[in-house]
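Undergrad: Let me begin by handing over the structure; questions about it come next.
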Amino acid sequence: MYASREDIGYDYGDDSKVGSKPIKPNPNIDGGWAWMIVLSSFLVHILIMGSQMALGILNMEWLEEFNQSRGLTAWVSSLSMGITLIVGPFIGLFISMCGCRTTAIIGGILNALGWTLSAYASNVHYLFLTFGVTAGIGSGMVYLPAVVMVGQYFQKRRALAQGLSTTGTGFGAFLMTALLKYLCSEFGWRNAMFIQGAISLNLCVCGALMRPLSPKDLREKYVVRSDSEENRAKALSHSTETIKSNGVLSEEPEKQEEAVNEEVLGSVQHIEIGGKSGSGRSMYGLRLLKAVSQLTVTVRKGFALWYSSYFGAASLFTNRVFVAFIIWALFAYSSFVIPFIHLPEIVKQYNLSRQDNVFPLTSIIAIVHIFGKVILGIISDLPGISTWNVFLMANFTLVTCILTLPLMQTYVGLAVVCALIGFSSGYFSLMPVVTEDLVGTKHLANAYGIIICANGISALFGPPFAGWIYDITQKYDFSFYIAGLLYMVGIIFLLIQPCIEKKQPREKSTEEAQV
């Protein structure tokens, strides 16, 4: 659904060592194995984001099984959704030390374990730990590398590749809704979760497909990028953060620290070579010392880059428009998530289950969402069209649909509103562009990471809040009304901030150029 912060941050490096000699581009960049990376990311979006959008089916089963309040039960789904996005900055630490492939495989195992253990749940609180936390962290560990690797392998076709891979969310929501409905009706929700856990093991296969690029491939990519985007590379030449082609986040270390680390490892290697005649126990100890030293160096480098990357962006919060954008993100995503969790029960209350079984309302949102992302992206690229205005219009349409949905009590009416929700929520594809306009290319990666975390918080608290409102009023109407009003507050924050201040210098420079 989202492009990751690492993908958005362009991986420029120091091209001075490469020189100006023409180097033949690697066939795996923008082609070859790169399309396998797109396939891997597409499947990850189906298995993770698609499954999360279909959790409304399981939410109904949990309500019947454990007979708990809707507010408490909704925490299971919201924990899984929210943690997947919130842990992104912390998953960056694993990527910086282990790489995308290893991180994704471990995440696939955790996700499958969370689904499987949840099949044996005796109460809702058990599901908080197994499904909400365990499966949520596992999802985050696979989702972030899946999007990062697409950015690593693509230069000229980056937008196309990301667009193709993220459409897996819509397809996944459609497929997983039908699959979970069938499994729950045929085998019960416990066996359905067990089977889904087995299916989730395919995430490990997706992770295994994330083959890291070699340093040679990285240099070739830098040369191609330098030729095509020379001006942009110069603007970012002073940035210390780079993204290595093997999916490992890295930073140019201080020379003194690097010299000390190499001296330590070199001395260990020297002792190991010179002590071949010694006892086997001594050799084992030396190898262990060498491994510990290497691990220490890797952890220190990874943590240093991770800390500077995520916590070195305090200057962003001096931008009032960006702060307003964060406030908007805290309210916006919950309005998109709430219908996926609570619509199945709303349909049941309105006695529309027969029509919904033919074509579920959540599937309508998912399918139209795919077209919305593509069409809104095309419209925003048209000459004379402001991406910011398209973004705001989509938000106004979505909040109007959220406020209108409780008024619809027929399947046709609900289907029309759900289709509009799916289309207008396609503004997700415009968020990276809007973020870049607000903070600039230099701070884009960190800024977008913060926005994603804010959306994760929104997903975490949105569904339980809607369930809690239902427990009080015995209606879902007020849940949508309050969520819509909070969403409107976030949009108002975007409107009242001095956006004109950012545009005035550009307009003046344009007028001067014309004169």
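Placed from the backbone N, Cα and C atoms, the Cβ positions cover glycine too.
Nobody curates TrEMBL annotations by hand; they come from automatic prediction.
These figures come from a predicted structure and were not determined experimentally.
Marked as domain 'Major facilitator superfamily (MFS) profile' by TrEMBL: 37-502. Here TrEMBL flags 33-55, 75-95, 102-120, 126-148, 160-180, 192-210, 321-341, 361-379, 386-405, 411-434, 446-466, 478-496 as transmembrane segment.
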Undergrad: Using a Cβ distance cut-off of under 8 Å, indicate which of 102-120, 126-148, 160-180, 192-210, 321-341 has the most pairs with the transmembrane segment (361-379).
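TA: Between the stretches 102-120, 126-148, 160-180, 192-210, 321-341, 160-180 has the largest tally.
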Undergrad: How about the transmembrane segment (386-405) with the transmembrane segment (192-210) - do they touch, taking at least 3 C-beta pairs under 8 Å (6 or more apart in sequence) as contact?
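TA: Result for the transmembrane segment (386-405) with the transmembrane segment (192-210) is no.
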Undergrad: Verify whether three or more Cβ pairs under 8 angstroms connect the transmembrane segment (321-341) with the transmembrane segment (478-496), leaving out any pair fewer than 6 apart in sequence.
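TA: Answer yes: the transmembrane segment (478-496) meets the transmembrane segment (321-341) with 3 or more Cβ pairs below 8 Å.
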Undergrad: Which listed range (126-148, 321-341, 411-434) shows the maximal number of Cβ pairs under 8 Å with respect to the transmembrane segment (75-95)?
TA: 126-148
Undergrad: Does the transmembrane segment (33-55) make contact with the transmembrane segment (446-466) through 3 or more Cβ pairs under 8 Å, each pair 6 or more apart in sequence?
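TA: In this chain the transmembrane segment (33-55) does not contact the transmembrane segment (446-466) - fewer than 3 Cβ pairs sit under 8 Å.
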Undergrad: Determine which residues of the chain contact the transmembrane segment (411-434) at the Cβ level, with the cut-off under 8 Å and only residues 6 or more beyond its ends counted.
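TA: Those are 1-3, 8, 163, 166, 170, 325, 336, 339, 343, 347, 350, 352, 355-356, 359, 361-362, 364-369, 371-377, 380, 387-388, 390-391, 394-395, 397-398, 401-402, 404-405, 444, 448, 451, in sequence order.
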Undergrad: Are there three or more C-beta pairs under 8 angstroms joining the transmembrane segment (192-210) and the transmembrane segment (321-341), sequence spacing 6 or more?
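TA: In this chain the transmembrane segment (321-341) does not contact the transmembrane segment (192-210) - fewer than 3 Cβ pairs sit under 8 Å.
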Undergrad: Which residues of the chain, 6 or more past the ends of the transmembrane segment (446-466), have a CB below 8 A from one of its CBs?
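TA: Same-chain residues near the transmembrane segment (446-466) but 6 or more away: 2-5, 8-9, 71-72, 74-75, 77-79, 81-86, 88-89, 309-310, 312-313, 316, 322, 325-326, 329-335, 337-338, 341-342, 431-432, 435, 438-439, 476, 479-480, 482-483.
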